[in-house]
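Feature list (source: TrEMBL):
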DOMAIN    42-228  domain 'Reticulon'
TRANSMEM  75-94  transmembrane segment
TRANSMEM  154-184  transmembrane segment
Amino acid sequence: MIRPVLAVLRTKKRNSAIARPMGDSSLALGTSVHKALGGGSVADVLLWRKWRGGAVMLVSATTMWYLFEVAGYNFLTFVANVLLLLIVILFLWAKSASLLNRPLPPIPNMEISERTIGIVADELQIWLNCVLSIAHDITIGRNLKVFLKVALSLWFVSFIGSLFNFLTLVYIGVILILSVPLVYEKYQPHIDEKLSVAHRVFQEQCRKLDETVLSKLPLPSNKEKKMQ
């Protein structure tokens, strides 16, 4: 069940890579980046086409980081106090509105539709299947290349985590997602050219590593795998 899903994902990635090679100057700069980000309101915010949304996101993230990282506020206490203040304001507003014949607070009907839950569940299933497939390749299939990739990725995450705490990492992530897409959209041909060169060099180094080290390591044969 897992491998057919991964096969479909890999086929889509290969087709998209063939259809849109790196450094293709014939692509419209704004269109390609905008579509890659989903082409909706989120893409407009990340590319600062809706600058108010980007500004609100940046100011909110900066405020939260300052309150909890610099000023030293406790997150749970802060959230509880804000919710308490909000509830008191809405309660007094509703009471005064009934006494003075004023409109009630404009609170929308907040609910999650079944369609949204289904979409989230489908996406979560795909990601979980990918993780389980990688774990299967490492533990049962004894795939050394996958093991090294996962080990290096986890080591890199651990190294970054030792330099910053979680809240600072989240704030840096917000800054990056609000700046990197905009810069890439503006300088896409030059960045694609540099990335293409770096990708070729990386592939060459991986090939040399595979030929000199990985290919010489003893791996279990197909008969051993079947017996296991």
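Backbone N, Cα and C define each Cβ position, glycine as well.
Because TrEMBL annotations are produced automatically, they should be read as predictions rather than curated entries.
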Chain residues in Cβ proximity to the transmembrane segment (75-94) (below 8 Å; excluding those fewer than six residues from its ends, i.e. six or more beyond): 67-68, 104-105, 107
Averaged pLDDT score, the domain 'Reticulon' (42-228): 81
